[in-house]
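*Asks:* One structure, as structure tokens, below. Some questions next.
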Amino acid sequence: MMKRKPILRVTSKVFMPFILLFALYVQFHGDFGPGGGFQAGVIFASSFILYALIFGLHDAKMVMPSSVLEVLAALGVLLYAGVGVVSFFVGDNYLNYNSLAHDPLHGQHYGILLVELGVGVTVFAAMTLIFYTFAGRGR
Amino acid sequence: MTAHLPILQVLIPLMAAPLCVVFRHRDIAWIIVLLVSLISFVISTMILDQVLTQGVISYFMGDWPAPWGIEFRIDAVNAYILLIVSAIGAVVAFYGRHSVTREVPRDLIYLFYTAFLLCLTGLLGMTATGDAFNLFVFLEISSLSTYAMISLGKDRRALTASYQYLIMGTLGATFYVIGLGLLYMMTGTLNIVDLHAKLLDMDGSIRTLQAALAFLTVGLSLKLALFPLHLWLPNAYTYAPSSVTAFLAATATKVAVYVMLRVFFTIFGVDIFEETGLAPVLMTLAIAGMFVASTVAIFQNDMKRLLAYSSVAQIGYIMLGISFLNVTGVSAGIVHLLNHAVMKCAAFLAMGCFMYRVGSVQIEDLHGIGKKMPWTMAAFVVAGLSLIGVPLTVGFISKWYLIQAAMEADMMPIALLILLSSLLAVVYVWRFIEVAYFKEPANPSLKIKEAPLSMLIPLWVMAGASIYFGVDTDMTLGVAQLAAEMLVGGAP
């Protein structure tokens, strides 16, 4: 696909690492600036969608198979729910992140960071899967 | 760990759902579902016990205190509903293995079980939470997973049925949020108990509050399939896989009724009925539903569709009980939540057995089935008698208390209408029983065996329960009366 469009192929290849990097920036800078897991997940997914648009669905699925995406989507949810469970073992209520570090403030911070990571992973996987599903229709 | 029971009730199915996806194997997924639903059932019995002995349980998410943080608040009303939902979940999970393998595409079975667990999560969460917006989130979890489960039915029409339900269900959920938004605008809080406290000081005739009540009522009526907003229900129940139908018929609409009880009695308080004249409207719709839906049921040839219309009629009985606004009526409504769940679950599980062996639930395909599958058919007869309201079955208990409530409220004609509508149930139940026992099979050479034991046991657990709770009513009626007193008495 797009074999005769060298400009598109080269530019998209150049852009891809920057898109991924920007997604990671939005992910981990989300607590100090605009951003967070959802936005980061969508941006991360957009790089894979770009890849699929330029190089074809088949190549994209070789890089990131749908079975892996399904598992990633589930693991993100598990990470989100699992971080909250940690507080059970020190006697706190569910989703109380105070005990994740020595200092409650840091604990809450780590908690949110981990939870947002779970959100990011799940949103990335779900977005890419939705694209795969629609793009793969009729094949 | 007992302090964490309210959250574990919801959290365990929630975390088990992604696990099913991680393993990507249908047998492992089924084992997870079975274990989780049994654990949920045990937890719900422990919660009910704790509520009955120690009173209301309150659990703060992340230790953020109540009106600001999300609270799980469990009293006699929702402890009872939690028990119904988790018990039905456990029975259907046990039953599901064979039925699901037959009726759901093979490579989607693990996703089906994921959706089942998410649906269980949503329904349990809606029941346990004490935060009206959190309730909406769980409502969406349960609804979305329900659409997915319905669309997995074997018949292609399952897709349109699921889509139809998606549109109606989304409308209902949107109306709920609009109503809630108006309440939030007036009070600045989303906690159910806090909402009630704030609304006490307000004049019930404020336009915004009345609009909020209207939106909430219509939205929830869509979800609980109150006549004439029931149009999504017959198709959804007919084309969904059998175990899904049994599960939904016994839980989804019941939880929606519970939410409506909360909105009417806990958030607004009984007085709102006097200020708005809502009760006669509900009563009229309930009675119309009892008659119209039962009459439509008589003319159905698809047994699942027949039972679906019967469900709409039975929802009418529940809403009728609630619209009496007295303790007897509301407790009759609440006890019918359980009673109808038990008998309709049994009836749909029997349909699942027919589906499994015969491959169809059209009445003409089931001629003479009573001789080929005697145990399944006998269980259906028990459920059918209960639908009619014959003494010694749960249906009788509900109708007895409904009629008492009608007399208490000085509404003799309504008591008569309840009896009359039972006669319609006699017609549609008898129609199938007659065909099943007295007609010769259309194709006698066809070998049809009795359903496998793993399906018969859950079926008979439900059929047995619909006799047991018809004789020993201490537990069901006791809790229902306690719950009704709490709701109508206005104590949150």
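From the backbone N, Cα and C atoms, a Cβ is placed for every residue, glycine too.
Remember, TrEMBL labels are computer predictions, not curated facts.
The domain 'NADH:quinone oxidoreductase/Mrp antiporter transmembrane' annotation in TrEMBL covers B:131-424. Annotated transmembrane segment per TrEMBL: B:6-23, B:30-57, B:77-96, B:108-126, B:165-186, B:206-232, B:244-265, B:277-299, B:337-356, B:377-402, B:414-433, B:453-471, in sequence order.
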*Asks:* Pairs of Cβ atoms less than 8 Å apart decide it: which stretch in B:6-23, B:77-96, B:277-299, B:337-356, B:377-402 has the most with the transmembrane segment (B:244-265)?
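*Replies:* Looking only at B:6-23, B:77-96, B:277-299, B:337-356, B:377-402, the most contacts with the transmembrane segment (B:244-265) come from B:337-356.
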*Asks:* State the non-local partners of the transmembrane segment (B:30-57) in its own chain: residues 6+ outside its ends, Cβ under 8 Å from one of its Cβ atoms.
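*Replies:* Apart from its flanks, the transmembrane segment (B:30-57) reaches 2, 5-6, 8-9, 12-13, 16, 19-20, 23, 72-76, 79-80, 82-83, 85-87, 89-90, 92-94, 96-97, 100, 109, 113, 116-117, 120, 124, 479, 482.
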*Asks:* For the transmembrane segment (B:453-471) against the transmembrane segment (B:165-186), do we get 3 or more Cβ-Cβ pairs below 8 Å once near-sequence pairs (under 6 apart) are dropped?
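*Replies:* Result for the transmembrane segment (B:453-471) with the transmembrane segment (B:165-186) is no.
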*Asks:* Do any residues, 6 or more residues outside the transmembrane segment (B:414-433), come within under 8 Å Cβ-to-Cβ of it, and if so which ones?
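*Replies:* 283, 287, 290-291, 294-295, 297-298, 300, 303, 306, 310, 313, 316-317, 320, 363, 366, 370, 380-381, 384-385, 387-389, 399, 402-403, 406-407.
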*Asks:* Between the transmembrane segment (B:337-356) and the transmembrane segment (B:165-186), are there three or more C-beta pairs closer than 8 Å, counting only pairs 6 or more apart along the chain?
*Replies:* no
*Asks:* Please indicate, using numbers and ranges, the residues of the same chain that are 6 or more beyond the transmembrane segment (B:6-23) and have a C-beta under 8 Å from a C-beta there.
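*Replies:* Contacts with the transmembrane segment (B:6-23): 29, 32-33, 35-37, 39-40, 43-44, 47, 57, 59, 61, 72, 74, 82, 86, 110-111, 113-114, 117-118, 120-121, 124-125, 128, 138.
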*Asks:* What else in the chain is close to the transmembrane segment (B:206-232), if you only count residues 6 or more beyond its ends and a Cβ gap under 8 Å?
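*Replies:* Same-chain contacts beyond the ends: 139, 143, 161, 164-165, 167-169, 171-180, 182-183, 185-186, 199, 252-253, 256-257, 259-260, 263, 268, 272, 276, 278, 282, 285-286, 288-289, 292-293, 311-312, 315-316, 319.
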*Asks:* Below 8 angstroms Cβ to Cβ, which residues of this chain, lying six or more residues outside the transmembrane segment (B:165-186), approach it?
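*Replies:* Residues 132-133, 136, 139-140, 143, 146-147, 150, 195, 198-199, 202, 206, 208-209, 211-223, 229, 231-232, 235-236, 267.
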